[in-house]
Each structure stands twice: as structure tokens, then as C-alpha cells.
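Enquirer: Dumping what Swiss-Prot says about this protein:
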DOMAIN    288-560  domain 'Radical SAM core'
BINDING   C303, C307, C310  [4Fe-4S] cluster binding site
Amino acid sequence: MFLPTTREEMRKLGWKELDIILVTGDAYVDHPSFGVAFIGHYLVSHGFKVGIIAQPDWRTEKDITRLGRPRLFFGVTAGNVDSMVANYTASKKKRKTDDYTPGGIGGKRPDRATIVYTNLIKRFFPEVPVVLGGLEASLRRFAHYDWWSDRVRKSVLVDSKADLLVYGMGEKAVLGIAQILSRTGDIEKCKSIRGVVWWASQKPEEGIELPSYDEISENPEKYAEALKLQTWYTDPYKNIPIYQRQDTRYVVQNPPQPPLSQEELDRLYLLPFEREVHPFYAKMGKVKAIETVKFSITAVRGCFGNCSFCALTQHQTTHVSYRSKDSILEEVRILTKKKDFKGTITDVGGPTANLYGSGCSIRETKGQCQKFCLYPIVCKVVRPNHDEFISLLESIRQIPGVRNVFVSSGIRHDFVFAEKDPDVFIRELVKYTPGQLKLAPEHAHPKVLSLMRKPPVELFLEFKKRFETLAKKMGKRKYVIGYFIVGHPGEGWRENNYLRDFILKHLGYFPQQIQIFTPTPGTVSTAMYYSGVDPFTGEKVHVERSLKVRNKMKENVLFKKKGREKR
């Protein structure tokens, strides 16, 4: 079932009024990979009437008022990605296209969409509460360095003047807000819900205090300290509030919601999604973002990889939840009934596919300890379970109508070597690879990899060798390709040339999967970029801030110039 986007669609459902209206910077795609559809269906399954306004024109009241006034609240998200990332390249050039917009047209969402949409709502519905959510709001919930303006900005909750902010994967927190407002109409009573950020005029009596907005604005190393505290103490099992002074007020983060149980996760993904672009938006053109996920399966939520540059660890947490085999197989059966299904499940996974079935007894009871699970080596307490993942893939392949099952990306290759015999999994993985397996070594230089919290590049080479050798023995022409990042903190010309030489010597091809590091809010790497120090060691870090040099670093690794750059 599509959620309504117009009054006419409301009438067809017999709804005279909506309880909740969700506003998003993406086109409305009714698929579980799109946050608004996910939250919307979850709320409807609990008896609430929910409508969606996607990519409203923020210059007029026409779109934002078309569904009327909601009974409970507006929910606002910039979309699946930060609006500044959606609108600008790593060279700060305005993007001309947008994969989340019909027809791929750029410019359909405003910069800092969360703030703009909230201001629009407050202008025409000043008495209706506004609740922020999604990746942009979640990673900007405290004072944060904003690369596009090159300054520290206040919490998006303060800047937008919204009423509440839900961080992380927000199903249960949003449901709690809806239930309390439905019973009492009192937004103040929602401030006790886990997974919620709110502001207070008085200093909280308990919790961890982060360096203030003024402190981190004046002293970048205080920002690194704040990020470290936020990373270690944002954990459902530690149950500790975190707060930060911003001017005369305090931004308060309640402890996060606990990870969803397997039963809860199973129910979520089997809600009645259409898995299509809503007709209202489909008539405007194709939405490219659905093409890569339409026939994919999310099996895992969360990741304990702790890559410094990754926003998903900060958003989905290090606690891994995974769906039952029965739930996943049922979703596959649903996909096989789609008219345009051609027999291929394009991907099975999540942030890291081969964490399916894995766990850690310490993290599951006491929370994240002050060590990294996979860096510098895989912790002995972590339990790999690649057999269960392979069993899942084999079961999917047996379903009538399924000809191919692929794992296209999201494999943490160092985790495979935690098994007694890595070749057992690698051999099976060959069967489920669509020609090329995309891995993410990210760099080659030991210093840069250390700052990224990534394994030594030798493990990537060993995995690549074993995979391609086994594929050849099996009569398969399948290969491993790598993703790389340039311009990350710690990389100068020496490290960049090291990466170039590594590619030339070991890969045998010129990779196109190279991106320039973008300092996005809320990540450890961004804290390094702004502060010039590693938040966890306090060591000084070289940071290349020149856009011109960063672009040249990419050209150097892409072999667009003959010879190495001399610096």
C-alpha cells in the first residue's frame, strides 16, 4: 500500500485527517531502503494515519499545506543522505543530478533541507510540533563541524527550532512520540523517550557533558574530545545521557533505543511495501536510487567495523541485528511475484554483509568496550558466523523463480580471516559474486589505514589472490576490485604516491572507484580533519585542506598524468 501524498488519496483510504505528516528531501519511494516509507508503514501498522510530502517546493506554501494540518506532528528528514552531500561534489561544486529525484534532476531539495523544511512548517503551522529524523539530523544533533561553510554549527535542533530530534534508527522512538502525543498532546512528556534529543534551559543533573559549542568553536581539539566521548558513550547498554551547552541552553541526548530484536526486525521488513516509486512522483521521471536496491535484501543492521569515515556506524551503531532466515525467504518470495522481477536478487547484506549471524558477548551485555572490534586485528571475543550467511544464500537460491543470488559489496575481508579456514567461505562467495566483487581497502599506506581504522592492505591482496585463484579453479571468470579514498586525514603526497605505486604494482588495472574524502558531520574522520588530531590517540595528523591539491591527488591515482607527483 502506498501512503497518501494528496487529499484525493486520503479520501480513497477513507481518511479525513492525518495523524502524522512526514516530509522528505527524496522522492517518495515505497521501499524499505527509504527511511520515510519505513517509518510511515511502521506507524500505520500501529494504527496511525500517515501521509508523505516529498521534495516540497520550499519557496511557497503550495506543497507543505496540501495534506492539511496533522493531528499530532510533522516528521522532517532531509532524505537518505545529507542534503549538502546530495547537492555538492567533493570539490564543492553544485551537482547537476540527484539519484533520489524523479528524472535525476538536481536542485529539487534545498541546502540544509532539515532546517529549511522545519522553518517552512513553522511558518504555516506554528502550533504543530516538528520532530526531526534521518541521517542529516542524526549526525548533526550536537554542535558539529560543517565543511561547506568551514565553521562549527550548532545542533540542527537549535538551528531549525524544531521541537524534538530522533537519532539513529528511529522506529521505536517515533512510535513512542506518536503514542504519547495521541494520549496527552504534551510534547514535554516525550522528552523521556530513549533515542530522543531535546533542549533544556537548565544543566541536566546527570550524564556526560561534552565540550560546549563555544569551546569547540574556539579550540578544534575540543571537538575531537567531544567526538570521542560521544562515540564511546552513545550506547544503549551504558544507559548514559549526553549533553552539551550551546549559548544559554543545553542540548540533551537521551540514551539510545536498544537494538531491535530479531522478531521486531522481521516484522518491519515484511510490512506491505509496494517497492515502487509512488505514481505521483513516477510520472515525473525515473528515480535512479531505487534501481540498485529494488530487488536487494537487507539482512543486517548495524556495523562494528568502526571505519573512521563512515556515517553508518555513527547512525546505526556498532550493535548488529540480523533477520531470521524465514523472514528473508518470505521477502524473497514477495519479490519473485513482482512483474519486473527477472530472477536475480541483486544483493543480500547491509552495511557489512558478512556480519550476518556474528556477535560479541561483551557488547551484547555491557555495551561497546573501549577497543575496536576489527582494528588493529579482529578481537578474539567477536564471533564470526560465515556458515550461517552461506546457508542463507543457498536457501534463497532454492526459491522457485530465483535464478541468481548475489552479494555485490559489503564484505569485510579481514573478518573472513577470523575463520579457521577462510577458503571455505571464499569458495562459496565465488558462487554468489556477479562477475566482480567490490571490496573497500580504501588505501594502501599503513599510516593512512591506521587513521581510517582499516586493516593492512596485505590482507586485501591475500583475499584477492585466494578469491581469484579459487574462481579460476571453479572455471569462473570473477574478480575483486577495490574502492579507494584520497585526501583523507594523514595523506600527503608521499602517501598518495604510495597508493599510486601500489595500484600500479599489484592491481593490474586503473581503478575508477576512487573518491575524494568529504568531511561529513558526525564522523571520526571529520573530527580529524577539523582538529588535526586523532580523537582516540591525541596524535597530530596531517590534513590536506586545499581543494586543488585534493583533486590533483585523485588525478594522480587515476593515472591521468604520466609519472608520480613530486612533493
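Backbone N, Cα and C define each Cβ position, glycine as well.
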Enquirer: What residues, ordered by sequence, lie under 8 A Cβ-to-Cβ from C310 ([4Fe-4S] cluster binding site) and sit at least six positions away in the same chain?
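Expert: In sequence order, the residues whose Cβ lies under 8 Å from that of C310 ([4Fe-4S] cluster binding site) (at least 6 apart) are C303, P351, T523.
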Enquirer: Same-chain residues six or more away whose CB lies under 8 A from the CB of C307 ([4Fe-4S] cluster binding site)?
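Expert: In sequence order, T313, E442, M452, R453, K454 meet the Cβ cut-off.
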Enquirer: Around the recorded [4Fe-4S] cluster site, report the further residues of that chain (criterion: Cβ within 8 Å of the mean position of the Cβ atoms of C303, C307, C310; site residues excluded), sequence-ordered.
Expert: G305, N306, F309, L312, T313, P351, T352
Enquirer: How many other Cβ atoms sit within 10 Å of the Cβ of C303 ([4Fe-4S] cluster binding site)?
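Expert: Result for C303 ([4Fe-4S] cluster binding site): 24 neighbouring Cβ atoms inside 10 Å.
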